[in-house]
Amino acid sequence: MRIGHGYDVHCLVEGRKLILGGVDVPYERGLLGHSDADVLLHAIADAILGALALGDIGKHFPDTDPQFKGADSRKLLRHVMALAGQKGYVLGNVDATIVAQRPKLAPFIPEMRANLAEDLIAEIDRINVKATTTEQLGFAGRGEGIAAYAVVLMERR
């Protein structure tokens, strides 16, 4: 078995949708990025790639490549899981934390978990997503951006 850790952060801007865990979260701002900027899925993808010593999402999906402009991060995550499968690994579990002062994310977590279970080819009881604030400290606390952390356990098939 292998363990991986992932992290991602994007700034909040007007004129973009807020996509987290593949869910369109109603909010007045969204995350800026080359793709849909889904920090949760990016952190999880990075954790999987790290666990399997396959680099990071910047290596596999560079922001300089126009084919990934506006990309759906769920498709990117499914590609990462296909790479894991080629190496003979499946997901053991994932534990992820979204760091955002606003909006409140608890109502959206069940749908995020369902999306992740589908994309990671895993039972939902192997998927945990939490959301926390920073008590108004730092960039997240000031509402400048949203971050996500993820830890995964990958197991041999």
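Glycine is treated like the rest: Cβ placed from N, Cα and C.
It should be emphasised that the depicted structure is a prediction, and the values quoted were computed from it without experimental measurement.
The divalent metal cation binding site annotation in Swiss-Prot covers Asp8, His10, His42. The 4-CDP-2-C-methyl-D-erythritol 2-phosphate binding site feature in Swiss-Prot is assigned to 8-10, 34-35, 56-58, 61-65, 132-135, Phe139, Arg142. Per Swiss-Prot, the feature site 'Transition state stabilizer' maps to His34, Thr133.
Here the Cα atom of Arg142 (4-CDP-2-C-methyl-D-erythritol 2-phosphate binding site) is found 10 Å from that of Thr133 (site 'Transition state stabilizer'). Around Ile57 (4-CDP-2-C-methyl-D-erythritol 2-phosphate binding site), the same-chain residues at least 6 positions away in sequence with a Cβ under 8 Å from its Cβ are His42, Ala45, Asp46, Leu49, Leu76, Val80. A simple way to gauge crowding: the CB of Thr134 (4-CDP-2-C-methyl-D-erythritol 2-phosphate binding site) has 14 other CB atoms within 10 angstroms, across all the protein chains here. Summary of the divalent metal cation site environment: with the site residues Asp8, His10, His42 set aside, the chain residues having Cβ atoms within 8 Å of the Cβ mean position are Val9, Leu31, Gly33, Ala37, Asp38, Val39, Leu40, Leu41, Ala43, Ala147, Ala148. The least crowded of the binding-site residues Asp8, Asp65, judged by other CB atoms within 10 A of its own CB, is Asp65. Summarising the environment of His10 (divalent metal cation binding site), the number of other Cβ atoms within 10 Å of its Cβ, over all protein chains shown, is 21. According to DSSP, His34 (4-CDP-2-C-methyl-D-erythritol 2-phosphate binding site) is assigned to coil rather than to any helix or strand.
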